[in-house]
Amino acid sequence: MNVVNVVPMHLPPPPPRPRGEQHVSVLGREVLAALSPVSEGVYVDATLGAGGHTATILETPGARVIGIDRDERALAIARARLARAGDRVTYVHGEFSEIERHLAALGVPQVDGLLADIGVSSMQLDDPGRGMSFRAEGPLDMRMDSSRGETALELIERLSDEELADLIYRYGEERRSRRVARCIKQAADSGELVTTLDLRRAVVRAVGPARIGGVDPATRTFQALRIAVNGELDQLEALLEAAPRIIAPGGVLAVISFHSLEDRIVKRALREPEVWEPLTKKPVTAGDDEVEGNPRARSAKLRAARRVGGAEALA
């Protein structure tokens, strides 16, 4: 078996997230323009989070929103933020992959628009207790719904070196995945893998520190593990598969993605001219002013399409 030399490294954590990235919804005005909410319209915010996008939709008098999130803490924050909206907002604790079941339980056959802001929120990244980020020490958890499922550490311990390497390559597009996986498994086997910073140290041992001004070397590995722990791509595909059935003709689907794996899935799903009419030829990205105030917006891409045809288009 190939063994990677493990050199003790006492690395400081990366700098804290800039203040401008705290709990800010991205592409808010662009989402509003795409959805074009109408009075008495019903919309789904499939990733409610802190309620930023929903608050924007509610600027339209009479518009109603069904907000879905699997993070109970996020739902509590959104409830407090949107309290003045009263019964114009319905809160659902659950996964958006089960959106048809959620809507059926509410007696809502179809909606006028659906928004999904895919991936981890800045609110989750900024909470060390969630274990999503390498910027601060926290447990190796990474679950969006902390009430169920296995943690990132449990996943690492369950997988073989080869399985972990394949996961990191597939979901993190990390070309040095085998070296990274070996270092991670060595740390786990020796009891040196407990926290997020332990994981970052293991990755740095495998690939070396970041270049000045470069992307942190642990970024791809953390992304891969988070996607796997939460089944993010499977969740997205299930949502997109259901979208034509739950969005009424003339309604709009708007999806914000943050990396190429997500964007490719969305782009492929919208390539059905009998079902979707794209609202823009290319994805919408954030302007310089938004990126300056919220650096997370730099990688955001919004794809939006209008639902065309009726039930016959789905046959």
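The backbone N, Cα and C atoms fix where each Cβ goes, glycine too.
In Swiss-Prot this protein carries:
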type	residues	note
BINDING	GLY51, GLY52, HIS53, ASP69, PHE96, ASP117, GLN124	S-adenosyl-L-methionine binding site
REGION	1-21	region 'Disordered'
REGION	281-315	region 'Disordered'
Report task. Would you mind pulling the DSSP three-state label for ASP117 (S-adenosyl-L-methionine binding site)? Result -> strand
Query raised in the report: Would you say which of the binding-site residues GLY51, GLY52 has the most Cβ atoms within 10 Å of its own Cβ?
Result: GLY51
**Report entry** Pairwise C-alpha maximum, in angstrom, for the residues (GLY51, GLY52, HIS53, ASP69, PHE96, ASP117, GLN124) that bind S-adenosyl-L-methionine according to the record
**Finding:** 18
Report summary line: DSSP says GLY51 (S-adenosyl-L-methionine binding site), in three-state terms, is coil
Report summary line: Note: in the chain of GLN124 (S-adenosyl-L-methionine binding site), residues six or more apart in sequence with C-beta under 8 angstroms of its C-beta are ASP71, ALA74, ARG130, MET132, MET144
Query raised in the report: Quick one: DSSP breakdown of the region 'Disordered' (281-315) into helix, strand and coil?
Result: 15 helix, 8 strand, 12 coil
Requested in this report: Count the Cβ atoms, other than its own, that fall within 10 Å of the Cβ of PHE96 (S-adenosyl-L-methionine binding site), considering every protein chain shown.
Outcome: 23
Requested in this report: With an 8 Å cut-off on Cβ-Cβ distance and a minimum sequence separation of at least 6, pull the same-chain contacts of ASP117 (S-adenosyl-L-methionine binding site), or say none.
Outcome: SER25, VAL26, THR47, GLY49, HIS53, ILE256
